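Here it is: the structure, laid out below.
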Amino acid sequence: MANYFNTLNLRQQLDQLGRCRFMDRNEFANEADYLKGKKIVIVGCGAQGLNQGLNMRDSGLDISYALRAEAIAEKRASFQRATENGFKVGTYDELIPSADLVVNLTPDKQHSKVVADVMPLMKQGAALGYSHGLNIVEVGEQIRKDITVVMVAPKCPGTEVREEYKRGFGVPTLIAVHPENDPNGDGLEIAKAWAAATGGHRAGVLESSFVAEVKSDLMGEQTILCGMLQAGSIVCYDKLVADGKDPAYAGKLIQYGWETITEALKQGGITLMMDRLSNSAKLRAFELSEQIKAKLTFLFEKHMDDIISGEFSATMMADWANGDANLLKWREETGKTAFENAPKYEGKISEQEYFDHGVLMVAMVKAGVELAFDTMVASGIYEESAYYESLHELPLIANTIARKRLYEMNVVISDTAEYGNYLFANVATPILAKEIMPTLQKGDLGEPTPTVEIDNITLRDVNDAIRNHPIELIGQELRGYMTDMKRISSH
């Protein structure tokens, strides 16, 4: 199979990368009606599989789970999750032939095997759904021409998809139809109904493409969402301890600091995050973020280039074929880092202290978010997609570190994201350690920034630069839309 994106000509590639339309709420007036009375079979019952299924059932759809015969016989975790929640469970042979929509929510590396197993069982004119397009775009999976292929990609972990639905809301979602597989012309209707059934239409839906979703998703998770947090955690902890700080305090400052700092992003973007700092600290964080950008721009661009060309996916798939040798080695190395093994700190750190003692961390977040966004946009990805794949998802990933440090982050994210994270962090960590950490000043990390004389013009210009970055402008628009949607949904 050939990488699908690489089979397209340049015009087609640019068209697919640039697919991004914010859908109007009235386009979802019929909500999930298009799929009511149809049989929907979900393959896989992990976080996305279970939680999307729960939402879809609560929206009035007929949901069952197709699992491997051995998973049922051995009562594996997927079988237990599905049965404990009252779902019908059966083998592929039992459930797939009658399915109108088969939703493949297994891990990326299992997709080719799953498709090979289910496609011969699917009835003429059925639909196949994904929540991530790697199998179609990077693997180049060829789907039978009578089958409609759609994607609904919630921009959150599965648990969040469920929690927001229970609150009467939803999570921002990308939907797409594979242009090679829309024989009846109703792919968009299927995707819209599926997105509405998960609650996504209440938070905002982008009509995108498989290509745009895959390329932007890979870029976000490799760089700012996971790679930057991993590299930043390791170098910040090592620096604090080297400076004589209590290892337990250092561990807590980093572990919970990312979540506290990025929570401000959710409410008011980079502007609000920077406004949590004193003027002296804000100017210093801005300066540090520019220094970090200067050192890491090439790495962000390399990751984007390798994602666009298919080099990244080819390298990762070679590791799949080698029994995940590199992935498992890097996972083990991460588990041995000093930060992962830091002692527990029993003392309290106030919310403001995380900002005041984490100026470098704020700078890393700012630099990483802006670099990821700018690099995606420069590669033809629309601003809305780039926003969701950088700033929007960051607080959700930071929350996983708050739970159980880097281990938890790497368990929760997909193996695809984890592999890309290590590729980035393995290069970024030594660069930050050698090029940035030795230049730090008193107050950059672990203690407050000393108050300095503030020049009005300088402060004005820095504030303008922060507020007028393109990610702040599109972010304000998209967060405003989500707030409006939440207000409408609560009435």
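In case you wondered, yes, glycine gets a Cβ from its N, Cα and C as well.
The annotation active site is assigned in Swiss-Prot to H132. What Swiss-Prot lists as NADP(+) binding site is C45, G46, A47, Q48, R68, R76, S78, D108, K109, Q110, G158, and the listing cites sequence analysis. The Mg(2+) 1 binding site annotation in Swiss-Prot covers D217, E221. The Mg(2+) 2 binding site feature in Swiss-Prot is assigned to D217, E389, E393. Positions annotated as substrate binding site by Swiss-Prot, on the basis of sequence analysis: S414. The domain 'KARI N-terminal Rossmann' annotation in Swiss-Prot covers 14-208. Residues or ranges marked as domain 'KARI C-terminal knotted 1' by Swiss-Prot on the basis of sequence analysis: 209-344. Feature annotation from Swiss-Prot assigns domain 'KARI C-terminal knotted 2' to 345-485; the stated evidence is sequence analysis.
Mind mapping these onto the model and telling me what they sit next to?
Cβ neighbours of H132 (active site) (same chain, under 8 Å, six or more residues apart in sequence): D108, M151, A153, E213, V214, D217, S414, T416.
Contacts of A47 (NADP(+) binding site) defined by a Cβ separation under 8 A and a same-chain sequence distance of 6+ are given as P157, G158, T159, V412, in order along the sequence.
When Cβ atoms from all protein chains are considered, those within 10 Å of D217 (Mg(2+) 1 binding site) total 26, not counting its own.
Around the Cβ of E389 (Mg(2+) 2 binding site), 28 further Cβ atoms fall within 10 Å across all displayed protein chains.
The number of other CB atoms found within 10 A of the CB of S414 (substrate binding site), across every protein chain shown, is 19. S414 (substrate binding site) carries neither a helix nor a strand DSSP state and counts as coil.
In the predicted structure, the domain 'KARI N-terminal Rossmann' (14-208) carries a mean pLDDT of 95.
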May I ask which of the binding-site residues C45, S78, E389 is closest to E221 (Mg(2+) 1 binding site) if we compare their C-alpha atoms?
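With Cα distances computed to E221 (Mg(2+) 1 binding site), the winner among C45, S78, E389 is E389.
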If you measure every Cα to Cα pair among C45, G46, A47, Q48, R68, R76, S78, D108, K109, Q110, G158, the residues listed for NADP(+), what is the largest value in Å?
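Farthest Cα pair among residues binding NADP(+): 21 Å.
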Express the distance between the Cα positions of C45 (NADP(+) binding site) and E393 (Mg(2+) 2 binding site) as a whole number of Å.
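About 23 Å separate the Cα atoms of these two residues.
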Inside 10 Å of the Cβ of E221 (Mg(2+) 1 binding site), count up the other Cβ atoms and send me the figure.
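There are 25 of them.
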Helix, strand or coil for E221 (Mg(2+) 1 binding site)? Use DSSP.
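Looking at the DSSP assignment, E221 (Mg(2+) 1 binding site) belongs to a helix.
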Enter the number of other CB atoms within 10 angstroms of the CB of G158 (NADP(+) binding site).
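Around G158 (NADP(+) binding site), other Cβ atoms within 10 Å: 22.
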Write out how many residues of the domain 'KARI C-terminal knotted 1' (209-344) are helix, how many strand and how many coil, based on DSSP.
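Counts, helix then strand then coil: 115 helix, 0 strand, 21 coil.
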